[in-house]
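> Here it is, the structure, as structure tokens.
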Amino acid sequence: MKAFVSSVLFLVALHLVSATGRAGGRFGPVPIEEYGLSFVYYQRHCPQFEAVVSRKVKEWVKKDYTLASALMRLHFHDCAVRGCDASILLNHMGSERSAEVSKTLRGFEIIDDIKAELEKSCPKTASCADILTAAARDATVSAGGPFWMVPYGRKDGRVSLAKEANKVPNGHENITSLLELFQSQGLNVLDLVVLSGAHTIGRSTCGPVQPRLYNYNSTGKPDPSLNPQYANYLKRKCRWASEYADLDGTTPRTFDNVYYKNLQRKMGLLSTDQYLYSDSRTGPLVAALATQPQVFDYQFAVSMAKLGNVQVLTGGEGEVRTNCNAVNRY
């Protein structure tokens, strides 16, 4: 029976890969020009773009490995609101960056560092949106994850509103809400499950976790979907809401598919993590990815490439900021 189940999951995984390719994944037929982007965008006017981004990301992550997941999260928060336009980087009163849901975001100083160096060699050329997208890719690679080609040509947005940042998931949403958010961005259920796999590294504050430990749905009891041993561990780890817990309690520093195995063991840190396994729409995908690490790596690259192309601004739709924290004044 185990061999039969394994074979079925393997066939499901193969289907996911082939279906993604037909839908325009890394090797799919959809031309990237449809997004107004190009793989050779900086070849003439800023040929050192990727080298600078890669070097800077490596330098920062070497000092603090948690910055890899921080950059990936920063990129997701940007793309989930108004598309990938670097609006999350704008630092003014009432911006997305000032919203409560953005308080724990990190990595801004890395983007500033990259931008400062690029402004010296190719001023007013490299957009903050392109820098953040490339940095998220290189952060993934630095954590042991897959590489994918990133097309460029995104422009930076001029609008950033704190109230719009509230659409970003905070760990409590049900699968229907998450699917609606992803579908509104042109992403699908496979992208939801795969991109959630970014939780293979990184941490969360204990604030969203504590209700699951002590007062699930106002019952005064722990969440019954939590592994009891894991719950006891979290009670010791999360005495205060401001403390941190690893999103992957088994291999928190390794980019791998163990995150999905944890969900099968009822060891999802956030409610949204565990819902992926219990919901009939996403559970089979979790099961497939838990047994197929190569499929996870491949599909993570595909889904991250799709994420980076969400509602991008190109041509005259935006601008190239000279300072990623503020819109141009000229």
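Cβ atoms here come from the backbone N, Cα and C positions, even for glycine.
Found this in TrEMBL, in case it helps:
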type: SIGNAL; residues: 1-19; note: signal peptide
type: DISULFID; residues: CYS46-CYS122; note: disulfide bond
type: SITE; residues: ARG73; note: site 'Transition state stabilizer'
type: ACT_SITE; residues: HIS77; note: active site, proton acceptor
type: BINDING; residues: ASP78, VAL81, GLY83, ASP85, SER87, GLU96; note: Ca(2+) 1 binding site
type: DISULFID; residues: CYS79-CYS84; note: disulfide bond
type: DISULFID; residues: CYS128-CYS324; note: disulfide bond
type: BINDING; residues: PRO169; note: substrate binding site
type: BINDING; residues: HIS199; note: heme b binding site
type: BINDING; residues: THR200, ASP248, THR251, ASP256; note: Ca(2+) 2 binding site
type: DISULFID; residues: CYS206-CYS238; note: disulfide bond
> Roughly how many angstrom lie between the C-alpha atoms of CYS128 (disulfide bond) and CYS84 (disulfide bond)?
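Between the Cα atoms of CYS128 (disulfide bond) and CYS84 (disulfide bond), the distance comes to 10 Å.
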> Tell me which of the binding-site residues ASP85, PRO169, HIS199, ASP248, THR251 ends up closest to CYS122 (disulfide bond) in space, Cα to Cα.
ASP85
> Determine, to the nearest whole angstrom, how far the Cα atom of THR251 (Ca(2+) 2 binding site) is from the Cα atom of HIS199 (heme b binding site).
11
> Would you pick out, from the binding-site residues ASP85, ASP256, the residue whose Cβ has the largest number of other Cβ atoms within 10 Å?
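Per the Cβ count, the most surrounded site is ASP85.
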> Counting Cβ neighbours within 10 Å across all chains shown, tell me which of the disulfide-bonded residues CYS128, CYS206, CYS238 comes out on top.
CYS128
> So which one is it: of the recorded positions HIS77, HIS199, which has the fewest other Cβ atoms within 10 Å?
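Output over recorded positions HIS77, HIS199: least Cβ neighbours within 10 Å is HIS77.
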> From the recorded positions HIS77, CYS84, ASP85, GLU96, pick the residue whose C-alpha lies nearest to the C-alpha of THR200 (Ca(2+) 2 binding site).
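That would be HIS77, the closest of HIS77, CYS84, ASP85, GLU96 to THR200 (Ca(2+) 2 binding site).
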> Can you tell me how many other Cβ atoms are located within 10 Å of the Cβ belonging to THR200 (Ca(2+) 2 binding site)?
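Total other Cβ atoms inside 10 Å, all chains included: 26.
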> If one measures from the C-alpha of ARG73 (site 'Transition state stabilizer') to the C-alpha of GLY83 (Ca(2+) 1 binding site), what distance in angstrom results, rounded to a whole number?
14
> CB neighbours of ASP78 (Ca(2+) 1 binding site) within 10 A?
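Counting Cβ neighbours of ASP78 (Ca(2+) 1 binding site) within 10 Å gives 30.
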